[in-house]
Amino acid sequence: MAETEAGLEADEPTEDDTLPSDTVSLSDSDSDLSLPSGVEVQVLSPERLSEEGQEDSGPEDPPSPPTGTLTTAVQPFHLRGMSSTFSQRSHSIFDCLESAARQAPCSAPQTSVSDNGSFRRPVTPPSQTPARGLSRVHGNTGPTRVLPVPDYVSHPERWTKYSLEDVSEASEQSNRDAALAFLSSRSQVSHTDYVPSFNQDPSSCGEGRVVFTKPVRDSEARAERKRVLKKGVGSGAGGEAAVELAHLAGPEAEEWSGHQGQPEVVVPSEAAHPESSSGPIGVKAVGFHGSKKRSRDHFRNRDGNPGGPGSERGPSV
């Protein structure tokens, strides 16, 4: 039994083991600030502190003065079960914070909580309000800006004044009458020089339509002249006249038809070609020539004259 009791006494932790040593320093880098078992954190009111102080003090010590003014002060932070050195350090830290808070100027009015739980703002002193108002008034004062004088006031000769006093006020009825009179005068204007465009003629006969025609070329005009000449020759011979080709090597063969070289119809007279008079009466030779120039040596005379221009070389194939 004695051995068992001795073992139990050795296993029980003592108060010195639970308290941290004074040499251990506190730092901001400590992440785990867990307190050992048995340590209680309490917030002591000033009344409780005074009661504890009276209990700790002896009967011979004089009583402490009443602390009625400390009721509104901030309740100090106190840890029970810690060493005296740690308690002094904590008190010194919080005292420094409180002194720094007192020295800092109040930039904004702080709200306080009344007894019924509603927030109330402190009333600003009335002495500061007129001073700020006067400072703003004095700060805004400056040289007044003079507005420029208008030009029509300083130089009235440059401006012309118009007045509508002599003009009668127009009504809606007068405007309507003026518009109708203008439209009636426009409708009475004759449209003699008006030519309706395509598909704008109101009549059913289609007068004034635009007819599109193909432009006439020079070759078509010459062909038309050929037909007119044929009709004239036929009517002079009694309707049975024949058209013969004149000799291509004649003097009329070298005549060219303008600058474009189109073929032309040439009707030689009997005085120029006496040999053509041997034919039937009313027969006229018609010569055709192209735009390409040909040599006379390659052509043979119609009547087979050996003294012709092509008799020396013989007939051309």
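From the backbone N, Cα and C atoms, a Cβ is placed for every residue, glycine too.
Within the set SER45, SER64, Swiss-Prot records phosphoserine at SER64. In Swiss-Prot, the annotation phosphoserine falls on SER57, out of SER57, SER311. Ranked by Cβ neighbours within 10 A across all protein chains shown, the modified residues SER83, SER92 are led by SER83. In the structure as shown, the Cβ atom of LYS214 (N6-acetyllysine) sits within 10 Å of 6 other Cβ atoms. In the three-state DSSP assignment, the secondary structure recorded for SER83 (phosphoserine) is coil.
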